[in-house]
Amino acid sequence: MDDEETSYHSRRYSQSHAVSSATETLTTPYHRGRSFSTSSIDPSTLAVQLISSVNNKLKEENEIPDDVEICEVTRALLLGAQRLLLIEELPKDRRENQYVLSGYRFYKSANDCLKSLFKLHNETMNIWSHLLGFVFFSFLSVNVFQRKFPEASTHDLLIFTAFCFASLLCLLCSSIYHTFICHAAHHVKSFTATLDYIGITFLITASICIIVHFGFYCDPASRNRYMIFSCLIGSIGVILPFFRFFDTKRYRPLRIGLFVAMAFSSIVPLLHMITAKGWTESFEFLKPALLGSLMYLCGVTIYAKRFPEKFFPGKFDLMGMTSHAIWHIFVCLGIFFYYLGSFHFYSLRESYGCMV
């Protein structure tokens with residue numbers, strides 16, 4: 001473990017110890033030789049004393065650089081237990097979208113996060129758009145395997161399975177992340193964010209691979225080369241989320257750029273198809289994929305531009321009908337077009353995929 005990691009874990013231990021010590025101090029029966037009872041003061045006074053005690057404890061332990069953060073967390077937890085928060089009431093590192101002004105959750109337990117599934121807040125649409133999408137595409141995935149493909153090879157069935165799995169993984173991980181994004185513990189938010197990014201990576205990679213598999217059906221050398229290429233590009237999206245910097249507000253452009261670059265890596269095999277088999281035939285084969293990719297691109301553009309909340313701050317906080325939720329809807333549409341496209345690709349696997 002390097003010095004930076006050691007310093008980070010030491011700092012987190014000191015912060016947790018400070019909060020624990022401060023809480024014990026406030027709830028002990030005798031404080032500095034005088035009788036003390038939490039029932040004799042109102043909650044606001046208790047909150048002030050708790051924050052003050054945490055602050056003093058951190059000063060004693062020379063943790064001044066982080067005391068503001070801990071006080072913000074403590075205050076947000078106290079308020080979050082009673083109501084939804086305004087953006088300025090969140091700890092600074094949780095203020096990820098300055099145009100969403102209210103409706104924030106902030107809880108100390110996973111149980112509270114789960115209970116919030118059935119409440120209205122600014123993540124409601126983010127959670128349910130993909131949770132309902134997960135249920136819907138689960139039924140569609142079952143339908144894939146109920147249909148009869150007597151001439152399908154093992155590889156064909158594997159590619160269908162991979163796409164269905166990647167789609168469901170993306171939707172489920174996204175719902176999990178947006179459910180637990182409000183957890184006060186950094187490691188919980190970070191872990192669920194990592195799941196979300198990995199799910200996105202799997203979906204992009206699987207969407208490319210299903211085109212490549214059927215588009216180069218009788219050219220195994222090209223098919224394998226491009227599928228390996230796509231998986232190698234996808235591995236970047238699996239590895240990077242495990243680094244702490246990746247999920248920070250500062251690196252949001254990097255995250256968007258990475259996923260867009262992964263999607264555009266499909267241009268390489270697509271150009272090969274068009275060059276080898278002609279524009280007209282390739283367009284007919286790729287039509288569903290073009291529609292699906294257009295949905296993905298529209299969604300990520302809206303997300304990157306933060307439309308509409310950037311132009312109407314605070315107006316779309318209720319239920320969270322923001323750019324992120326709109327992106328989610330476009331992702332579901334994109335998956336649906338690729339799902340329909342998978343049968344289209346399969347039906348043309350020989351007439352197009354084996355074209356010389």
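Placement of Cβ uses the backbone N, Cα and C atoms for every residue, glycine included.
From the candidate list His178, His183, His186, the residue TrEMBL records in the Zn(2+) site shared with His324, His328 is His178.
Summary of the Zn(2+) site environment: with the site residues His178, His324, His328 set aside, the chain residues having Cβ atoms within 8 Å of the Cβ mean position are Glu123, Met125, Asn126, Ile127, Ser129, His130, Ser174, Gly320, Ala325, Trp327. For His324 (Zn(2+) binding site), the number of other Cβ atoms no farther than 10 Å from its own Cβ, over all displayed protein chains, is 23.
Between the transmembrane segment (157-182) and the stretches 127-145, 194-214, 285-304, it is 194-214 that has the most C-beta pairs under 8 angstroms. With a threshold of 8 Å between CB atoms, the same-chain residues lying at least 6 positions outside the transmembrane segment (258-279) that come near it are 200-201, 204-205, 207-208, 211-212, 215-216, 222, 226, 229-230, 233-234, 236-237, 240, 285-286, 293, 296-297, 300, 352, 355. With a 10 A radius on its CB, His328 (Zn(2+) binding site) counts 25 other CB atoms from all the protein chains.
Taking the Cβ of His178 (Zn(2+) binding site) as reference, residues of its chain lying under 8 Å away and at least six apart in sequence are, in sequence order, Glu123, Asn126, Ile127, His130.
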